[in-house]
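Structure record follows, encoded as structure tokens.
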Amino acid sequence: MGICCSKGKEELEEEGFPWKHDAFFHDQLWSAGVSMHTKQGWKGANQDAMTTCQDFAGHKGQIFCGVFDGHGPLGREVARHVRDVLPVKLSSSLALKTEQDPSSNTDKETLEKSDCTSLSDTSNEKQLLSTWKNIFVKTFEDVDEDLRQHSGIDCICSGTTAVTVVRQGDHLIIANLGDSRAVLCTRDSKDRPISVQLTTDLKPNLPSEAERILNSKGRVFAMDDEPDVPRMWLPDQDAPGLAMARAFGDFCLKSHGLICTPEVYYRKLSAKDDFLVLATDGIWDVLSNKEVIKIVSSATDHSKAAKQLVERAVRTWRRKFPTSMVDDCAVVCLFLKPSPSSSESTPGDAKPPQAVSFTGSFRKVLGGGGGEAEEGTNVWRALEGVARVNSVVRLPRMGAVLSWRRRSTSLEEDDEARID
């Protein structure tokens with residue numbers, strides 16, 4: 001699958017790994033133009049996770065990055081499990097798709113032969129977008145099913161978001177689930193850095209999300225003391241009050257409109273694009289897209305950009321909301337141009353392989369449950385300076401939990417009967 005770096009210093013120390021290898025991991029990450037950092041908030045264990053995989057799926061120069069924001073009693077375990085399993089399953093799905101359909105344009109040789117200069121070949125473009133959408137959607141569903149059957153992690157009221165990206169040469173394919181976010185830094189006509197939000201924060205109050213939830217007998221409303229924070233609730237209980245409309249896990253809500261289907265996006269990179277920031281809502285709740293881009297752009301040492309961004313977010317939490325608990329933060333910064341230091345240290349590196357032959361500047365493939373958003377339209381965002389809340393308000397009563405377990409057991413018995 002490639003070289004992966006997923007675990008922070010604290011997690012490695014928990015597992016008895018000597019942190020004397022810090023410099024090695026730092027160099028390995030930065031050789032791929034990646035800066036990543038996470039910091040525990042004031043709510044207990046750090047439930048955020050992140051990962052980066054170089055030479056992903058066996059393709060030289062291809063990279064996978066992801067951040068995951070866990071919630072609920074076992075949110076930490078869910079986020080770590082998805083972090084470890086998702087890249088493996090996605091890599092396997094890519095390999096299987098290439099083996100079954102060599103013309104799918106997901107393998108290196110086909111991609112290099114693809115004509116990606118024509119904007120008029122819309123049918124081929126749609127086919128490619130559809131191929132990537134299907135791969136991501138199937139992989140996310142497999143990971144969610146893996147969680148459902150996991151005997152060591154109770155995911156009834158625990159789950160995680162995920163925002164992931166695969167970079168293949170000049171092409172970005174992004175898959176988003178929940179309210180973590182991907183933001184690109186590009187340059188305007190005067191060479192000034194500007195932010196472009198590439199994902200939609202999938203909150204319960206988005207019209208398409210709310211419609212799906214209500215059609216499944218779920219409920220969407222905000223509590224009196226949090227009028228600006230819409231939440232998702234069970235039909236007959238004011239629980240769990242989930243602050244997002246899509247997530248891995250949270251199986252008590254999966255029959256009531258919560259889905260694990262990601263929205264899949266595509267962007268063709270240009271010479272004006274500088275870097276991509278993936279981050280959990282601990283960042284976006286206190287810093288705007290513009291502020292994040294400014295902080296990362298101003299980092300004199302790009303390899304430390306993620307750490308500086310997290311530290312700024314923590315200071316902003318304390319200054320703006322002194323009575324609120326600082327949230328966990330996780331950031332991955334993917335720099336899209338080689339730095340002078342990295343190009344000097346690796347002069348013999350091969351040119352990254354050509355990639356998915358998508359055309360156009362920015363396109364989105366919906367993974368279900370939403371309407372198509374045209375380029376340049378406004379996107380729903382996390383509430384800046386307001387969403388200082390837990391992702392889950394309260395756990396449902398035992399009756400709802402037992403009901404979910406009965407449905408889950410029934411599904412497993414049906415599957416076994418069909419196999420027999």
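A Cβ is built for glycine as well, from the same backbone N, Cα and C atoms used for every other residue.
Just one of Asp236, Asp238, Asp327 is listed by Swiss-Prot for the same Mn(2+) 2 site as Asp69, Asp281, and that one is Asp327. Cα-Cα distance from Asp281 (Mn(2+) 2 binding site) to Gly70 (Mn(2+) 1 binding site): 11 Å (rounded to the nearest whole number). Taken residue by residue with DSSP, Gly70 (Mn(2+) 1 binding site) is part of a strand.
Under the DSSP three-state reduction, Asp327 (Mn(2+) 2 binding site) is assigned to coil, being neither helix nor strand.
For the pair Gly70 (Mn(2+) 1 binding site) and Asp327 (Mn(2+) 2 binding site), the Cα-Cα distance reads 11 Å.
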